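Written below as structure tokens is the structure these notes are about.
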Amino acid sequence: EDDIEADHVGVYGTTVYQSPGDIGQYTHEFDGDEWFYVDLDKKETIWMLPEFGQLTSFDPQGGLQNIATGKYTLGILTKRSNSTPATNEAPQATVFPKSPVLLGQPNTLICFVDNIFPPVINITWLRNSKSVTDGVYETSFLVNRDHSFHKLSYLTFIPSDDDIYDCKVEHWGLEEPVLKHWEPEIPAPMSELTETVVCALGLSVGLVGIVVGTIFIIQGLRSGGTSRHPGPL
């Protein structure tokens with residue numbers, strides 16, 4: 001199929017339901033970013049940014065009705081397919097910081113997990129091999145064009161050269177959990193020999209500058225002297 005070119009793309013009313021576990025979601029997206037979703041437990045609309053909810057509104061009952069329809073349809077399709085399960089795909093994860101890393105300055109780590117199918121996954125943050133729950137937020141499942149899903153998990157943190165981080169991904173398509181490692185890249189300190197060489201080069205450049213400057217001054221004085229002509233007595 002030919003791709004359709006557009007300046008902006010809105011995906012409205014994406015409904016997902018699967019069993020077992022009564023897992024479902026209803027989302028709205030714009031240009032690949034989540035706008036809002038309906039929380040099944042709280043039965044309310046959750047906006048990605050609170051400011052969005054001040055501009056417009058969405059009745060969560062509409063999303064809950066769509067999910068109920070998805071649940072009913074899934075039961076019919078399961079019987080027709082003789083309960084044949086979907087193929088599990090292996091997701092792919094990448095970890096990167098939101099902003100350039102400066103030690104001691106607050107930042108956010110992002111774990112981007114793509115090619116998720118079916119949309120059931122556990123994403124866990126580890127700091128120095130220990131689970132971290134404070135400062136963690138993740139999006140709902142966002143739809144890809146090939147009908148797989150992606151999800152982002154965020155961790156607010158303060159970079160330190162003593163800490164290392166891992167994003168742990170667990171999914172039915174993986175034989176074992178996948179750990180994506182991240183740690184701040186700290187420039188290695190210069191050795192004494194390197195510092196000595198740098199200082200020597202700096203001193204040499206300075207001396208050359210002094211010599212060249214002195215030569216130019218002398219030449220300038222000589223040129224000024226030869227250009228003078230004695231006046232009449």
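All positions are counted from 1 along the displayed chain.
Placed from the backbone N, Cα and C atoms, the Cβ positions cover glycine too.
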Inset, instruction - Among Asn82, Asn122, find the residue to which Swiss-Prot assigns the annotation N-linked glycosylation site. - result: Asn122
Legend entry - Cβ neighbours of Asn122 (N-linked glycosylation site) where a neighbour is any other Cβ within 10 Å: 9
